[in-house]
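Taken straight from TrEMBL:
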type: DOMAIN; residues: 317-356; note: domain 'HAMP'
type: DOMAIN; residues: 358-395; note: domain 'HAMP'
type: DOMAIN; residues: 400-629; note: domain 'Methyl-accepting transducer'
type: REGION; residues: 648-695; note: region 'Disordered'
type: TRANSMEM; residues: 285-303; note: transmembrane segment
Amino acid sequence: MKSLRNRILFPVIGFIILGMALSAVLSTRTTSHIVQNIITDQLETLTRNLSAQISAWIQDLRGDLKTQCRQEIFTKILSQETPRAEELEKANKLMQEFMKTYDIYDSITLIDRTGKVVAHPNPEVIGLDLSTRSYFKLGMQGQNNISNVIKSKVTGRPIFTIAEPMKLHGEVIGVLTSCIELSKFTEQFIVPIKIGSDGYAFMTDKTGMICSHPDTDVILQTNISAFDWGKQLMSRKNGIETYTFEGIEKIVSFRTEPTTGWFVAAGADTEDIFSVIDSLIMRNGIIGIIVVLVLAVMVILIVRPITNILGKGVAFAQDIKNGDLSGRLHFSRRDELGLLAEALDTMADSLQQRAALAEAIADGDLTRDVVLTSEHDVLGRALRNMTDRLNDILRQIDSASEQIDSGSGQVADSAQALSQGATQQAAAIEEIGASLGELSGRTHENAENAQTANSLANTARRAAHGGSEQMQQMVAAMQEISESGQNISKIIKTIDEIAFQTNLLALNAAVEAARAGQHGKGFAVVAEEVRNLAARSADAARETAELIEGSVKKGENGTDIANRTAAALEEIVVGIGKTADLVGEIAASSKEQSDGLAQVNDGINQIDAVTQSNTAGAEESAAAAEELSSQSAYMRQLLSQFRLRGHAAKPPAPGYAQQPSISAPKAAQTLKAETAGQNSSIPQIALDDADFGKY
């Protein structure tokens, strides 16, 4: 019992200690995390506000400088090649008054476009060449800019320059600059910041050179980029970082001011600002130890009597586990432990009854009834359901075995008849396959002949089409000949008219020669010859015209005949084309019919393979039916060993003292394997009723 008590007490006390430790650790870590978040938030807020103050301060300085850029005297001086002395004097006085008003300005300078100083509170600076300064170059490009922080040669304090371009009608004519002392900003914004007992804020320029710091000795003397932690801060631009400097761990919040690119930081020693966490851890530890000791004493006083009783209950449960149901607890307590002991005793009684029932079932007695101890008696209900179910199942098995015995013989007879029918069907299918093979060959031959006829028809169509085109060309040539004959006829008529006019002229010449008497004889002879030539020309022209008219009529007849011939050839071409199309359709149909018959032939072969497989399956079914009958008899022999409610099992069937062999289906399996091997080379095609309908 002592070890059991220790097993309970030690884990409980251990869990209490662990819980208190975890609670203290979590509380401390949570508090530490909250304190750290508060401190880091304060540091971030501080640097954010400081950066905003710098931005606002720079904007104010730029606003002041832009106001000065609008001074008319400055624009007037820069727009003149040689400003007048009184104008320069006025500008210098204006700058001096501005510097007296705002003591943060170290100087204000007006620079012309060549880089020469034309106005300055200090007359010695006028004429100085500042063309090489970066702020002047950027200003001449129209950009307002801020220079890096440098040490003033006059005061030795840190200063920086703000440059604004001076413009006239949109053109940069010079640059106005102002030098600002940074020490005023340091005294007003940096020095008052205190973080813890030793924390402070500082600021660097773009390069990391410290330009504002509570310790004036490090201003423009120390560059944080020379330290590893400084490089890390500048590479991150914004955030919070913890680092070690001179052996002391520090935490710093840093931010880059967007206008100037300066680096603002605020930090302190972590030991200083987190010292409150150490005292909190100490207090939580002391409180946790006190609470653990008090709880441990209370747990020991409460658990000891309970563990004694539980030890006895565990021993009793151990006996039940080992199968000993003879012992009982018989506790007289009226609390939960007494109820537990009473429940264990009742459980032992119930288990003893269930064991007796299970032993009877094992002997084959299924006539016993199970009495439930309560409506929640899961084991009793399960045993009752088991006996009821076993009675029902064994009755059904007995009835089914008789039906299987009688049905297996019928199955064997049917399987034998099915095997014979399948064999006859296979023979018939083989004959159909042979007929389809011959039909497929002839159909394939018809398809090839139709394809040849289609090729010849296409050749004839092309030849007829060529003849039609040549006839059309001949008709066109006949029409051109007819037109040429008509044109020649017109020319002959013109020659005839010329001959007629020549004859008239010859007659007139003869009349005139007769009038001339002796002097006109020679002319009369010439006129007579001309008249004779004209008459001969007229006769020749008339004969030629008659011949040409005859040729034209014959050409028209030939054209008419050629047109009728061309029309006939066109009808022949159309007829041949239709014939070729019909022959092509016949060839395509023959090809489809040949392919379809080939698929049908493949389908018949597949059906033959399936039929042979069915034959083997029928023989296997017959063998399986015989084996089933043997197994049914053996099962009835086993059922005779049970006694059921209201039913006596039948005596075992004679001749089945031993379990029958299960080798009966081997012959059928061998036949099926041989059939599958024979049909493995038959091509398998996918052919359904819709495919058969196409053929």
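The backbone N, Cα and C atoms fix where each Cβ goes, glycine too.
Please treat TrEMBL annotations as automatic predictions, because they have not gone through curation.
The list of residues near the transmembrane segment (285-303) in space but at least 6 beyond its ends in sequence, with Cβ under 8 angstroms from a Cβ of it, reads 5, 8-9, 12-13, 16-17, 20-21, 23-24. Under DSSP, the residues of the domain 'HAMP' (317-356) split into helix, strand and coil as follows: 26 helix, 0 strand, 14 coil. DSSP assignment over the domain 'HAMP' (358-395) gives 23 helix, 1 strand, 14 coil.
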